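Some features that Swiss-Prot has for this protein:
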type	residues	note
BINDING	His173, His175, Asp186	Zn(2+) binding site
DOMAIN	102-224	domain 'MPN'
MOTIF	173-186	motif 'JAMM motif'
Amino acid sequence: MGIKDWPDGEGPRDRLIKFGVSQLSDAEVLAVLLRNGSQGLNAVELARNLINEFGGLREVLAASQSQVCRLSGMGPVKFAQLRAAVELSSRVSAQNLKRGKILSDPDLTRDYLMRQLRDRAYEVFAILLLDSQHRVIQFVELFRGTIDSASVYPRDVVSLVLEKKAAAVIVCHNHPSGVAEPSHADRRITERLKCALSTIDVSLLDHMVVGDREIVSFAERGWID
């Protein structure tokens, strides 16, 4: 039965308007984005199939077009609707850390870095460049691949910092395994970067490791001082 045939007020869009989005299940929220069903499935059934196939809402939104379109009822148009929702969220997050924004909210930084790095299938080492008042200058992805003490070059970090005239930095990288716990190599990299940056009087404020559902902060663990 299509959602249009449901009793008045019971469809996901009606429930969202009446009760708020927080009262909807993941499948119902996804159904609102999909708008309608296909191949004999209503939008909620299609959304449930997507979640069951990929294992969760986040995994659905991170899936590629070819992966999504393999499922019955899904095509390029519905994939585009999902990607647009992801992009809107990403752009709002990026606006919150736009150039000149004073970085005073740790949760804002965590949210931004999580959105930037969590769903990468490979490791990315990035740097958030700040001025002397901790206003954002730029977010830059520096290295990709296997991040270890041999693949992160302090001289490249120093060169970028000098070029952008940064006074402080936050470095970060992701663990595609989903486990955010820092490795011994992560700690060695941090020490090398801290020493290199100190030679040009630039502060390393934090090193954040992004996992599947959490971020580990070196500063919070007392590993930066």
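Each residue, glycine too, has its Cβ placed from N, Cα and C.
What you are looking at is a predicted structure, and each value in this text was computed from that prediction instead of being measured.
Projection of Swiss-Prot feature records onto the structure.
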residue: His173; record: Zn(2+) binding site; Cβ neighbours (10 Å): 25
residue: His175; record: Zn(2+) binding site; Cβ neighbours (10 Å): 21
residue: Asp186; record: Zn(2+) binding site; Cβ neighbours (10 Å): 20
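According to DSSP, His175 (Zn(2+) binding site) sits in a coil region rather than a helix or strand. Looking only at the domain 'MPN' (102-224), the predicted model's pLDDT averages out at 89. The domain 'MPN' (102-224): residue composition by secondary structure is 38 helix, 38 strand, 47 coil, according to DSSP.
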